[in-house]
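Undergrad: Before we start, here is the structure in question, set down as structure tokens.
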Amino acid sequence: MNSIEDGNKQTSNNNGNSNTPAPNDANSNQPPNNKERENWASGLEFLMSCISVSVGLGNIWRFPFTAYENGGGAFLIPYIVVLFLIGKPMYYLEVLLGQFTSKSSVKVWSICPSFMGVGIGQAYAGVTVLTYYSSLLALTLYYFIASFYNPLPWSYCREEWGSNCVDSNSKATNGDNYTSFNDRPTSSSEMYFIKQVIREYDDISEGIGLPSWRLTLALFVAWLTTFLVIVRGVKTAGKAAYFLAIFPYVILITLLIRAVTLDGAIDGIIFFLKPNWSELLNLKVWKEAVVQCFFSLAVGLGPIVMFSSYNKFNHNSHRDAIIVTSLDTVTSLIAGITIFGILGNLAHNLNISNIDEVVRSGTGLAFISYPDAIAKFNGVPQLFAVLFFIMLFVLGIGTLVAQANTLVAILCDHFKWMKAWMVALATSIGGFLCGIIYVTPAGQWILNLVDYYGATFVIFGLALFQIIGVAWVYGLQNFCDDVEFMSRMRVSFYWRICWAVITPLLLLFIFVYSMAELKTLQYAGMDYPESANIAGWVLLAIGFVQFPLWFIWTTTSNCGGSLWNALQKACSPSDEWGPSNPDVRKQWLMFKTEAQEKRNAKLKSDNSSSLFWRKVKNTFFSST
């Protein structure tokens, strides 16, 4: 297996000798059964598509409630640190893998066939996210239709909701002191979400119940919209991305302006921005920052690899990676300020002194706080409600389209006989049927379970193996040579040290901590029944077992000689690794050979230190 010290071991030299051949041998100019891949009409379409998937409900829905559960401002510092040390390096790595090979997130593992289980496990995690993500769009469509009513149906209390309910359209209330969370004053927007929209059970042991026909219809519309976009291919998705990426910002900024002008908003914003320094020592906060970073940027799921695989070979992906990851963070901060401004206003209206006691956290936070703010608009709140939920739907569709397209690309890359429209149709039908369980009275319970076991740990657990496979098995110098050939630009020290050392070590540390501290899952402070936790562990096991199973299968299928030789072959790049264009591929093989020769000559001429430190210096600081 290659490592940093192995330099560019796998490249064949001009004499026909090679230490672990680069795609089998240097005369292999074209991978078998390869066909020209469709490209974006322009580089801007790729950028907009990446924005539409990375800037989505992860920012508007997940980031605020994750920050809410982890001390507000105490969460921001770990999140920004994690963004630079894990988020950006992982994002850029995935962009490069897809663009260099023009393949999907499973096929890129021709770089190291024994790690194919990483790609399959990530695809599995993507499918679990796909099943529940569409249910959030169903909720969005439900609220969109409700937004046309006057008054807004969540702005006022019903008699059956009890005396603790407070109208969301009221400016202030004289709430009484309360002794427990359940006795606190509750806004009508929260009661509407729980009692009217999802009709949530108090305990999942009652069963899951029957799906809401309204939410089921909304779920169907969400998947129909997704199908109509993905069935036309990448060019149509690219055109749609302009609207999917730009329109939401107009509404989000409008809502931000309104949120910061509400009474008491400043208290909520201060809670969000002011860090509690003691929380920085809480490893749970750092773990949640990593999870949020992965969900927000959509890394570890496949869409970024899929989108970049449609790039032209020499596209400036470095610029795009910096733009998207930076814009994603700015959007999360805007959404956070908006949400916490609203929570500050809710605390003011309910006479609650602690911001973290205003509403029950969880997936419903965005469907409680945002509508509550809209109910307080002095003029035409219906118009703002309609625009807001259109924005939320557009954000969600961007991500759903990307995730569905990822599955379509994976299947079509592997099964060449499959028609893309047939796979798109099957994906949409399957996604709709799986999504129905989330629109039952126990839907939010199940969503929380699937998100926790089937996605969260699988995603950033496999990301650790992903970066190890590239930087340590294939070899950091090998990969940097590939990137330099593609971009005509040397890979900087920042990317090299993150890929090889900082990012894998941080991921390993956070993952080990997460597994050691894994506790019984709860929803709204209530425990799940034992059967639900067992089902959750099964979901987790299916995702994780992919890596060892495929590692063993790949190794044993190459076992023509000794086990060590089989292992070496399974961990060496296959014929399919490299540029898909045969002319570019020939130039790449020549470039790799020349780069290795120059590096070897430089090592021999430099006697200033030991061979080990000369190789380290060559890998991290020297140009080819």
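Even glycines carry a Cβ here, placed using N, Cα and C.
Curation plays no part in TrEMBL annotations; they are all automatic predictions.
Positions annotated as Na(+) binding site by TrEMBL: VAL55, ASN59, SER296, LEU395. Annotation source TrEMBL lists compositional bias 'Low complexity' at 9-24. Look at TrEMBL and you will find 1-35 tagged as region 'Disordered'. Annotation comment: TrEMBL describes 40-61, 73-93, 123-145, 215-234, 241-261, 289-310, 322-343, 383-408, 420-440, 452-473, 493-514, 534-553 as transmembrane segment.
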Undergrad: Near VAL55 (Na(+) binding site), which residues of its own chain have a C-beta under 8 A away, given they sit six or more steps off in sequence?
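TA: Expected: ALA245, PRO248, VAL324, LEU327, ASP328, THR331, LEU395, GLY398.
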Undergrad: Within a 10 Å radius around the Cβ, which one of these binding-site residues has the most neighbouring Cβ atoms: ASN59, SER296, LEU395?
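TA: Comparing the binding-site residues ASN59, SER296, LEU395, the most crowded Cβ belongs to LEU395.
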Undergrad: Does the structure show the transmembrane segment (383-408) and the transmembrane segment (534-553) touching, where I'm treating 3 or more Cβ pairs under 8 angstroms (sequence separation 6 or more) as a contact?
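TA: These two segments do not touch.
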Undergrad: By Cβ distance under 8 Å, which residues at least 6 away from the ends of the transmembrane segment (452-473) in the same chain are close to it?
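TA: Answer is 1-4, 89-90, 93, 97, 109, 111-112, 114-115, 118, 121-122, 124-125, 128-129, 290-291, 294-295, 299-301, 479, 499-500, 503-504, 507-508, 510-511, 514-515, 521, 536-537, 539-540, 542-544, 546-547, 571.
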Undergrad: So, does the transmembrane segment (123-145) come close enough to the transmembrane segment (289-310) to give 3+ Cβ pairs below 8 Å, pairs being at least 6 apart in sequence?
TA: yes
Undergrad: So which of 73-93, 215-234, 322-343, 493-514, 534-553 is most in touch with the transmembrane segment (40-61), counting Cβ pairs under 8 Å?
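TA: Maximum Cβ contact count belongs to 322-343.
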Undergrad: When each of 73-93, 215-234, 241-261, 322-343, 534-553 is checked against the transmembrane segment (123-145) for Cβ pairs under 8 Å, which one has the most?
TA: 215-234
Undergrad: Using a Cβ-Cβ cut-off of under 8 Å, list the residues of the same chain that are 6+ residues beyond the ends of the transmembrane segment (241-261) and lie near it.
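TA: Residues packing against the transmembrane segment (241-261) from afar: 45, 48-49, 51-52, 55, 60, 269, 331, 334-335, 337-339, 341-342, 345, 370, 373-374, 377, 384, 387-388, 390-392, 394-395, 397-398, 401.
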Undergrad: With Cβ distances under 8 Å as the criterion, find the stretch in 73-93, 215-234, 322-343 that has the most pairs with the transmembrane segment (493-514).
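TA: Going through each listed stretch, the top one turns out to be 73-93.
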